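Engineer: Okay, so Swiss-Prot annotates it like this:
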- 46-69: transmembrane segment (TRANSMEM)
- 135-158: transmembrane segment (TRANSMEM)
- 175-199: transmembrane segment (TRANSMEM)
- 273-291: transmembrane segment (TRANSMEM)
- 330-353: transmembrane segment (TRANSMEM)
- 369-395: transmembrane segment (TRANSMEM)
- 417-439: transmembrane segment (TRANSMEM)
- 517-535: transmembrane segment (TRANSMEM)
- Cys559, Cys568: [4Fe-4S] cluster binding site (BINDING)
- 575-596: transmembrane segment (TRANSMEM)
- 643-665: transmembrane segment (TRANSMEM)
- His654: chlorophyll a B1 binding site (BINDING)
- Met662, Tyr670: chlorophyll a B3 binding site (BINDING)
- Trp671: phylloquinone binding site (BINDING)
- 707-727: transmembrane segment (TRANSMEM)
Amino acid sequence: MASRFPKFSQGLAQDPTTRRIWFGIATAHDFESHDDITEERLYQKIFASHFGQLAIIFLWTSGNLFHVAWQGNFEAWVRDPLHVRPIAHAIWDLHFGQPAVEAFTRGGAPGPVNIAHSGVYQWWYTIGLRTNEDLYTGALFLLFLSAISLIAGRFHLQPKWKPSVSWFKNAESRLDHHLSGLFGVSSLAWTGHLVHVAIPESRGEHVRWDNFLDVLPYPRGLGPLFTGQWNLYAQNPDSSSHLFGTSQGAGTAILTLLGGFHPQTQSLWLTDIAHHHLAIAFVFFIAGHMYRTNFGIGHSIKDILEAHIPPGGLLGRGHKGLYNTINNSLHFQLGLALASLGVITSLVAQHMYSLPAYAFIAQDFTTQAALYTHHQYIAGFIMTGAFAHGAIFFIRDYNPEQNRDNVLARMLEHKEAIISHLSWASLFLGFHTLGLYVHNDVMLAFGTPEKQILIEPIFAQWIQSAHGKALYGFDVLLSSTNSPAFNAGQSIWLPGWLNAINDNSNSLFLTIGPGDFLVHHAIALGLHTTTLILVKGALDARGSKLMPDKKDFGYSFPCDGPGRGGTCDISAWDAFYLAVFWMLNTIGWVTFYWHWKHITLWQGNVAQFNESSTYLMGWLRDYLWLNSSQLINGYNPFGMNSLSVWAWMFLFGHLVWATGFMFLISWRGYWQELIETLAWAHERTPLANSVRWRDKPVALSIVQARLVGLAHFSVGYIFTYAAFLIASTSGKFG
């Protein structure tokens, strides 16, 4: 008999119902639960899958380069980055009528195309690419790397080349290699690329493999490095009249500390960026020698942790036992990695618009909005994943004996205090913020807007002033002309910083007022509530007041009736599930705030945000309704334009989102009735009844139905906002 799916679980493969398919898909990546899994095979499978992941990433980025080179207008865009719309790829659609063909034929293309809002044109331009040939070369190189990654993954699954468990658990060596090799070497290599290729290209000097060894990136070469005159590398930077991509106004410096932005491109100075990467490389080369390996230098992480015993004894046995706990738990390590990556991704979103690194990207408003929103959503999903794996760690990997009275055990022991404090913070933020908004709504509704409660964010304004923003008149630190830091800033370091922070044409330290104060606290409410749900889910994963015996029930047990006090909504999975809704709504508020504030800034009517953002009707009317009006006008052959597809996607996104609720408000008996009815109808329908299946149809489990609902809610939510964001921004600014 042919083996049935799933091969990794004999128990499931023999299941006579459709549960076999769904549970097979659900546990396909849960290697730990597979038949015949050993610790060694687990580590090797994950290691090999990393190469597969790299192959997919390289293939995807190669595809971006290839399609732009083939169907884009990169060379035309390079000649006039501010007025030519960058093309992502061509559209070939049988459904397009003549009005659609005309509406989507843009950017000098011969037929319908999609416009790129990803910033890849600006990125490739900044790093020195100039022709389609450059793009094709990059695509082929990445395709080669993709193939190498696939071969490497297959190679490391061969018996002779499988690494041992001890190799995977050698934390010090891995850290040293990742710090020095991954971060250090790649940062140094990137500095090299910027200095040898990107900076000369920005000054009109074309450097490629044929002349790479002949063109000195700095007139005196490595002389200043060996003679200790490093300051020479910063002398004669590009002038404020420099035209990017030409020699007009160009200097010779390669490593600078100018601060602020290039006046023409509105992006960070390339020579500052090169300097930054060189500094990072230096720091990481040192960091990569921090942990002791075979060479006898550096520290043992275990020794460091075991030495961490607080003198007063207030933290019990301190960090004893933590090294083995972390080193033997893949879920703990994944949780730490996801938490770090989530924070970094959110910081990337904040810095991409406030300190744009790519030439001319700051003037491409739709791209700025799309990139900010994209990175915040990615960060949200990654961070919720961190807590999910933290919860799985407590269920599968946590050993109370090994961690007796250390910081981890003590955190579990006072989890009630942690959870209740988070709860109080959330309640305080929620009631007070909503109270202020609602009060202001009532005052406007009753015709007394002067009675609004408007609170100036004075602490945040003081922090902005300390960084040099002079508008508020605080006269503190960098905004005080008497401060030594202010005077040094004019001459020694970052002379361009103070000009940039006080220039109203960029997004650096935006002016804030009462509307910002309110939405800041609304976002704080969302963050604290999301954190509360996630932290509670992880800390209660092994057992809670209601159900002290969760360990053997696993991560995602379903509702189980009133026995043991009822198990509804108390598995760690239930907490993750609820937290994702809060995460999405919180990021909704974050992106609404960012987008509305920037639209008014770009249009030159900041008063609209300042006046309308202090009450809820202002948000609904002047942000959501006003900016979606183009998307709810409908579409027809006469009014067809390039926003019509976004109008359709806006509708479609709402539909997917609403479908999610059908799966969320239900219980298992409902699904079983539904599937029985569908199966009955199918078997009695001509033609359809000639198709039979071997598996008996059974209902979705409660957890599965919730997952289907959550997936539709998330996808629909993001589709809806993506259409709104891109259409409302590109509709205004082209």
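The backbone N, Cα and C atoms fix where each Cβ goes, glycine too.
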Engineer: Ten-angstrom check, please: count other Cβ atoms within 10 Å of the Cβ of Tyr670 (chlorophyll a B3 binding site), all chains counted.
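Structural biologist: If we count other Cβ atoms within 10 Å of Tyr670 (chlorophyll a B3 binding site), we arrive at 13.
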Engineer: Please list, in sequence order, the residues in the chain of Trp671 (phylloquinone binding site) that are at least six apart in sequence and whose C-beta is under 8 Å away from its C-beta.
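Structural biologist: Long-range Cβ contacts: Ala699, Leu700, Ala705.
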Engineer: Going by Cα-Cα distance, which of the binding-site residues (His654, Met662, Tyr670) sits nearest to Cys568 ([4Fe-4S] cluster binding site)?
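Structural biologist: Comparing Cα positions, the closest of these binding-site residues turns out to be Tyr670.
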Engineer: Of the binding-site residues His654, Met662, Tyr670, which one has its Cα closest to the Cα of Cys559 ([4Fe-4S] cluster binding site)?
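Structural biologist: Given the candidates His654, Met662, Tyr670, the nearest one is Tyr670.
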Engineer: For the transmembrane segment (643-665) and the transmembrane segment (707-727), does the number of C-beta pairs under 8 Å, pairs 6 or more apart in sequence, reach 3 or more?
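Structural biologist: Contact confirmed: at least 3 Cβ pairs fall under 8 Å.
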Engineer: I'm trying to understand the geometry here, so how far is the Cα atom of Tyr670 (chlorophyll a B3 binding site) from the Cα atom of His654 (chlorophyll a B1 binding site), in Å to the nearest whole number?
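Structural biologist: One finds 24 Å between the Cα atoms of these residues.
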Engineer: Between the Cα atoms of Met662 (chlorophyll a B3 binding site) and His654 (chlorophyll a B1 binding site), what distance do you get, rounded to the nearest Å?
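Structural biologist: One finds 13 Å between the Cα atoms of these residues.
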Engineer: Restricting to the same chain and to residues at least six past its boundaries, which positions have a Cβ under 8 Å from a Cβ of the transmembrane segment (575-596)?
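Structural biologist: Apart from its flanks, the transmembrane segment (575-596) reaches 353, 369, 372-373, 376-377, 380-381, 383-384, 387-388, 391, 516, 519, 522-523, 526-527, 529-530, 533-534, 536-538, 540, 569, 609, 613, 619, 623-624, 706-707, 710, 713-714, 717-718, 721, 725, 728-729.
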Engineer: Count the other Cβ atoms sitting within 10 Å of the Cβ of Cys559 ([4Fe-4S] cluster binding site), across every protein chain shown.
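Structural biologist: Total other Cβ atoms inside 10 Å, all chains included: 17.
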Engineer: Which range out of 135-158, 273-291, 369-395, 417-439 gives the transmembrane segment (175-199) the most CB pairs under 8 Å?
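Structural biologist: That would be 273-291.
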Engineer: Within its own chain, what residues at least 6 apart in sequence put their Cβ under 8 Å from the Cβ of the residue listed as 'chlorophyll a B1 binding site', listed in sequence order?
Structural biologist: Gly716, Thr720
Engineer: Six or more residues beyond either end and a Cβ under 8 Å away: which residues meet both conditions relative to the transmembrane segment (517-535)?
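Structural biologist: For the transmembrane segment (517-535), the nonlocal Cβ contacts are 384, 387, 418-419, 422-423, 425-426, 429-430, 432-433, 436-437, 455-457, 460, 575-576, 578-579, 582-583, 585-586, 589-590, 592-593, 613-614.
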Engineer: Let me check the 10 A CB neighbour count of Cys568 ([4Fe-4S] cluster binding site). How many other CB atoms are there?
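Structural biologist: So the number of other Cβ atoms within 10 Å of Cys568 ([4Fe-4S] cluster binding site) is 13.
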Engineer: Please report the three-state DSSP label of Trp671 (phylloquinone binding site).
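Structural biologist: Trp671 (phylloquinone binding site) sits in a helix per DSSP.
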Engineer: So for Met662 (chlorophyll a B3 binding site), how many other CB atoms are inside 10 Å of its CB?
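Structural biologist: Step by step: centre on the Cβ of Met662 (chlorophyll a B3 binding site), count other Cβ atoms within 10 Å, giving 12.
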